[in-house]
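Swiss-Prot lists 1-21 with the feature signal peptide. Marked as N-linked glycosylation site by Swiss-Prot: Asn25, Asn195, Asn389, Asn441, Asn512, Asn519, Asn600, Asn675, Asn713, Asn757, Asn808, Asn897 (among others). Feature annotation from Swiss-Prot assigns disulfide bond to Cys255-Cys302; the stated evidence is similarity to another entry. As annotated by Swiss-Prot, active site, nucleophile applies to Glu285.
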Amino acid sequence: MFFFRFLTTVLLLFNAKLLVAQSSNTSSPVHWDKYSLSINGERLFVFAGEFHYIRLPVPELWLDVFQKLKANGFNAISVYFYWNHHSASEGVYDFETGGHNVQRLFDYAKQAGVYIIARPGPYANGELSAGGYALWAANGRLGGERTRDSQYYDLWSPWMTKIGKIIAANQITEGGPVILVQHENELQETTHRANNTLVLYMEQITQILDAAGIVVPSTHNEKGMRSMSWSMDYEDVGGAVNIYGLDSYPGGLSCTNPNAGFNLIRTYYQWFQNYSYTQPEYLAEFQGGYFTPWGGVFYDDCASMLQPEYADVFYKNNIGNRVTLQSLYMAYGGTNWGHIAAPVVYTSYDYSAPLRETREIRDKLKQTKLLGLFTRVSPDLLQTEMEGNGTSYTTGANIFTWALRNPETNAGFYVVAQDDSSSTTDVVFDLEVETSAGSVNITNIGLDGRQSKIITTDYKVGDTTLLYCSADILTYATLDVDVLALYLNKGQTGTFVLANAASHLKYTVYGNSTVTSSNSSQGTIYTYTQGQGISAIKFSNRFLVYLLDKYTAWDFFAPPLQLSDPNVKPNEHIFVIGPYLVREATIKGRTLELTGDNQNTTSIEIYHGNPFITSITWNGKHLSTKRTAYGSLTATIPGAEAITITLPKLTSWKSHDMIPEIDPEYDDSNWVVCNKTTSFNAIAPLSLPVLYSGDYGYHAGPKIYRGRFGSTNATGVTVTAQNGNAAGWSAWLNGIYIGGVTGDPSIEATSAVLKFNSSTTLKQEGSENVLTVLVDYTGHDEDNVKPARAQNPRGLLGVIFEGSTSTNFTSWKLQGNAGGEKNIDALRGPMNEGGFYGERLGWHLPGFEPSTKSGWDTRAPSDGVDGGSHRFYITEFTLDLGPNSHALDVPIGIHLNASSTSGPAVAYVWLNGYKFAHYLPHIGPQTVFPFQPGVLNIQGSEGHKRKNTLAVSLWALTDQPAALDVVELVAYGKYTSSFDFARDWSYLQPRWVDRSKYA
């Protein structure tokens, strides 16, 4: 807690040079000082959100996400560029195919009107396999990763050069959206010496990016308040970036205990003043949610992470700390499709983010929008000094106040929250503020539990100035008149005074709020009690004030008329209240064209202030409007509530054995021979030959091994596998299941002693025994996992005979994903497939035709599999949403459930070739898996059938049978939409070709 009241007290903590604002000296239009970023000479509050295009493999949907974030107050997107997504093998890069086409990312950002903060690594983290390192390099070849090691440099520098040039071509200097470029990621500068290996490594990154043509400011993100790294203002010995950033995940929230956490950090300001005092305060990653692990609580069931109150209190606290650059991690999480995840996460990467994995808008995003729209129109907020903070501003000591003051305009911003930020008690208090008319005691300010407010003084609204206002400002517009929007919780009291206005202006109130006026020495005080819905005050000087309750404010949009400009001015947007989403607002001739999405039939209100507009359309259809007494227009737009969605039943299954490799006579002549006695990896194997899959070019996905040995008196084998948390494995001797491990969410390396039964499993003398081991895979480790970090090996660490020292394997062979590093399915990329038999043959791909002549039958997943067995199932379906399918957004997923008698199992689901579900029913937590349009085909109006190929594999990990008694399509919400999701997506769905050589 900080109980000092005045800036002079604060200054005792810091060096006098804190007062000196340092400007940037880059050659780009992006500049900075100690207050904020400036672009083209205008200060900007950077309200960014993290988005990972790798987790949404349909490029067209990137625009959908960007439009939703822009409409909800964001003006920038922070993006990791993952090396492993673009490079399947050394020297090979793909920046053009499908979801690898990063130019489309930049183009969509420009179209939506959002800036890009580029984060190219080379190490990224982000709960992605190997933290984003190319998997072909993460097999031990990286050497001294994240150091100046020349072996490491030789591998990462080509990547950074190539992606650096692409980013450079899309900088704001070139007409693109990129305004900042981050060097590395959360790299802690533990030693401040010029010859330190980390310093030299950061210098190498700077040199590579400079040579690639990067001229916008560089940034870095400190890994919490643990070290002081790469700031020009603190022990700069090299490697420092232009703008220091801090990552913070302060919530301390619990999915199982709703009363836990919710504790604010109130020391950001002090931290930045100590370590980056000439730079704007930048929270490069601020908690927008959090990931949950295998065996944890699923995101939809974690109410504490989804609460909109978190966005209200924590993001306003950042404002109080004088932060002017903020990026929420994540804004949209997406899906860990294929095998892109690190072992700490499962298929969903929803992250409890403001925008759901299904691309649906959560209440948390609606609440976030209220602050985003406020910062967009508040330039005085971008040049403030800390006037003071503490509990002495209010009556009673239970309210904490941040007091910020713009020294040039005298505008003040008082951020108030309960001192105990986790309190759920409602409180009422008075607040003393300073205004241009002197000190004022604002009375009767209410805070509900877990609520925060920004009280403003001397705040300009066009030609009008608020001397003070105790309600939250949502936004304002300067149109034909000045229009202000305020919001409060229903029943709360707000007061405001108009500076330099005539006393007792006449006014008319519309709606359910009650308004009174009274005299004061500073002017007329207007006091109101917030009613439900929309209220408005029309003053005789034409000033218009909207009074909105919080839930109505959630449905408030201020779409800009200049779509591609992220820096929206008050005279460049209009107001639309009521829809689920407003994507765009454009004026063509005398028509205002609105596009967007809507859930239920809704009354909307529009204030555009343009006398030349004579008609309004919504998604191309003319609206019948009525004019209100205060100049807005009202209309009704349709929703999707009356549309019946009938999902097809998944029937007509075809099934085939998925583990023919356990047959001792199986032909593995085309498999890779494991014959290495040394490894790229520094971790010594437990036995020879080396069985690390990465040494043989197989990286992502399950792998299968076959080891041969002669007659033996051994009593068994000890198998040790390492394939990520929760990854299980099974073993068969001469076609007979002999055991395995079911996987543990807290352990990534597992070992088991498998006993031989000589009477049933071992071959007689002179014959050959075959041990087959099938291993699951949950990803490569990130940098924080010892001993070898992202280079921890995958596959089998060793297989050792028990009871015999003379028995040895005569050979080992291995199969992984078809083609290994050749990346034979370039569009879906190098991390989509694994080494299951049916995958290698392409059974999961559209166009594959199962034939009863080749061992296929009509069993369904509900029929199940015997213990220690593995089957593949395939069916087709058509999704017809009706004649208006092009104007609907109906997120679809698949629900899986193991039967009550099912043993531990692994189930995978592929849709049109994309692996979109990794289901471990004995571990959890996920049971419903969303499918994205583009991966999913939706029947259009063109007439031809757009089929979907759905494939399921079911693997019983023990000798217990396993079955899926539920495999069904489910719908999430349904919305009318201007975004066409029922397109021809065939370019994203390459069809089956013969792959028999990979058997």
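Note: Cβ is positioned from N, Cα and C throughout, glycine not excepted.
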Using Cβ atoms only, which residues of the same chain lie under 8 Å from Asn441 (N-linked glycosylation site) while being at least 6 residues apart in sequence?
Asp430, Leu431, Glu432
Go through Asn195, Asn389, Asn757, Asn897, our glycosylation sites, and report the one whose Cβ sees the most other Cβ atoms within 10 Å.
Asn389
Consider the glycosylation sites Asn389, Asn519, Asn897 and say which one has the Cα lying nearest the Cα of Cys302 (disulfide bond).
Asn897
Taking 10 A as the limit, how many CB atoms besides its own sit near the CB of Asn808 (N-linked glycosylation site)?
12
Given the glycosylation sites Asn600, Asn675, Asn713, Asn757, Asn808, find the one whose Cα is closest in space to the Cα of Asn195 (N-linked glycosylation site).
Asn675
10 Å Cβ neighbour count around Asn519 (N-linked glycosylation site)?
10
Just how many other Cβ atoms lie inside 10 Å of the Cβ on Glu285 (active site, nucleophile)?
27
Under 8 Å by Cβ from Cys255 (disulfide bond), same chain, sequence gap 6 or more:
Thr292, Gly296, Val297, Asp301, Cys302, Ala303, Ser304, Met305
Which ones are near Asn512 (N-linked glycosylation site): of the glycosylation sites Asn389, Asn519, Asn713, Asn897, which have a Cα within 10 Å?
none
Whole-number answer please: how many Å between the C-alpha atoms of Asn519 (N-linked glycosylation site) and Asn675 (N-linked glycosylation site)?
91
Taking the Cα atoms as reference points, how far is Asn713 (N-linked glycosylation site) from Asn757 (N-linked glycosylation site) in Å?
11
Taking the Cβ of Asn600 (N-linked glycosylation site) as the reference point, list residues of the same chain whose Cβ is under 8 angstroms away and which are at least six residues distant in sequence.
Gly639, Ala640, Glu641
Looking at the recorded positions listed here (Glu285, Asn389, Asn675, Asn757, Asn897), whose Cα lies nearest to that of Asn808 (N-linked glycosylation site)?
Asn675
Please determine which of the glycosylation sites listed here (Asn512, Asn713) has the lowest count of neighbouring CB atoms within 10 Å.
Asn713
Need the DSSP three-state call for Cys302 (disulfide bond) to compare against my parser.
coil
For Cys302 (disulfide bond), just count the other CB atoms lying within 10 A of its CB, please.
22
What is the separation, in Å, between the Cα atoms of Asn897 (N-linked glycosylation site) and Asn757 (N-linked glycosylation site)?
35
